[in-house]
């Protein structure tokens, strides 16, 4: 008897066992109809169970051999299927295999242990008799079978990760103007290139670097165009020479020349686009990373422990690295893109030339049918999950359904069947991941704003380390809060010098207005709630020492920017419980101060 006939015959007892076990269970949905029977049965509990793990592992190991042979065999169905339905044929094989071995798992998971054990033993004996009879009749050794081995099924505990809300205590200590400035810096993570931020400007070296890269790319494009013109002229000369020698044009040679010209031209355009895209992404990510550093967020930094002098020396190399990597990536991308496109165009030319148009499109349809059918199944499963598996919304105002399984039995059944279906999709997913990883990794070689290594291996990426070092050096010198703090200190120093040299109130006001980049020389002293001046512009002598004033400004800056406290050398943290005990006059922001001077 043929193997496919055995499969169809064994589907009968398999379905009978499934139906019998389903009538043993009672459903919760509409329990009054038909006595609450039948109900869905669970093949194996994959959600939150630790029982019978060894039994499920043995069941998987037992069925793996036959499952593989059933799925990959061309004689599983017993009839031919058109080539354009090959994807459906593979899915049918997987479905037959899953139905044949469903009773193994259902008998283990049922609550009726004795009934399940008896049925499982009988079903195993049937398959054992079939294998023995098949070996005896065909003299087939068991060595011809593919040995099966599978790891035990393990169910991980579900861990709920609670994220603490951000501490907003410091916002209560800010005035309206200061809150606007600090909040903009803390919340502005938009990645648009031309969005204006009052506290950020691209440094000179970044602007110079971008224009330098554009000039280099322009020269490279001109050089490649000259090279392409030279190559095409030689190809045309060869075609004309063949025509003069043989008296007729070689159509194949002419077509090959056209393929080469098209492949090289399109490759050049793609390479230029990719290089410009890398430059754009570098500038955009530089600002994005700097904004995160301004906020005190250093999570994106790799686990890179180095001294200050090492970071400073690495930052020197970043600009040169960016240029060299851009040029190298340009040539590598051009060569690889040319090679791939010429191969693709050559294959299409050969396929169209040697086969009919209908056969060509049939092959294309067969190639895309596998991922297309897999995507259809994924969409159907997503719709089914949303409609029948997940719990309903707790409140009507909720945007999403809660991530809780409502119909557990249907979930377990779908989980079992999708195990076999996902294995067939996994083959193409593996190939796609390999191809995309190679493509993304190769075309990202010229970018220093991201590492092509995984997070645990980023410490081996020296080029990316130079970029991180440059970010940290720039942040140490261009942080808006630090710049504002030093600006206030410098104003205090100059005001003190002017007062000690005999300057009057008008001169001091004009000095402060000039330092704050105001258009008018008049200066109205803003006062806080207690009535004390910011810089004490009055005739009375300031009795506070310079050290006390410095500490006052330092404490005020740290309160307004809690995330900067971690960057202090001493690392002395102020606990949130002590905020109420601090008796400081919070300075009102100067509405006329030009914050662009901080960038």
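If you go along the chain as it appears here, the first residue is 1 and each next one adds 1.
Heads up, the Cβ atoms here are built off N, Cα and C, so glycines get one too.
Range with TrEMBL annotation transmembrane segment, chosen from 87-105, 106-124, is 87-105. In TrEMBL, the annotation transmembrane segment applies to 417-445, one of the ranges 156-184, 388-416, 417-445, 446-474. Panel annotation: around the transmembrane segment (417-445), residues 67, 71, 90-91, 94-95, 97-98, 274, 325, 328-329, 332-333, 336, 370-371, 374, 377, 381, 452 of the same chain, lying at least six beyond its termini, place a Cβ under 8 Å from a Cβ of the stretch.
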